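According to TrEMBL, the domain 'V-ATPase proteolipid subunit C-like' annotation covers 17-76, 163-191. Here TrEMBL flags 13-35, 56-80, 100-121, 166-191 as transmembrane segment.
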Amino acid sequence: MVGYDNCPDYAPAFGYIGAASCMILANFGSAWGTWQAGLGVCKMGVDYPKGVIKNIVPIVMAGVLGIYGLIVAVILTQAIRPPNADQTTSYSMYNGYAHLAAGLCCGVSCLAAGGTIGVIGDAGVQGFGLRASGGKRAWSSDDGGDGDVGMGGNSEAVNAEAANKLYVGLLIMLIFSEALALYGLIVALILSQHQYACE
């Protein structure tokens, strides 16, 4: 059959594998980052409850990774053509390999970015809470009694300034971690545009 070597009936399987792997890996990276950073925010909230809302940024950035996977998966599934009435397909192996590469490119990039965001977010928000609170627990008394005495007795203004400097560094690291997934998304969109159809 003419064109069968380029457009076999199993070619769409590669496209669907690419779309599924993109969605699964991106969601796994998003869940991983949310889980790891969420634990850090909860631990930090015990020592410094006022900083919980401010330090929710890593969780939001991890959640965006799932959207990247959704975008690419939808584009790939819409590009897969159904078989013809005579059980032939115009969807080529070239398309299947391109869509598989696009799905893996975005999915693995989001997985790596999710792990990075989670680890950085966990350590960063806990460090921010420790610095902002001066090492004191939220429930400790301020009268110098049996509670924690803090880190050298620094004033609240000095602690806040030091914590804000740490927060800026945390945001920069999170932005570059998110960029890993963005690079994968861009390349996946370019790969998804490569088309070859059997007539």
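In case you wondered, yes, glycine gets a Cβ from its N, Cα and C as well.
DSSP states for the domain 'V-ATPase proteolipid subunit C-like' (17-76), grouped as helix (H, G, I), strand (E, B) and coil, give 57 helix, 0 strand, 3 coil.
Per-residue pLDDT, averaged across the domain 'V-ATPase proteolipid subunit C-like' (17-76), gives 93. Under DSSP, the residues of the domain 'V-ATPase proteolipid subunit C-like' (163-191) split into helix, strand and coil as follows: 29 helix, 0 strand, 0 coil.
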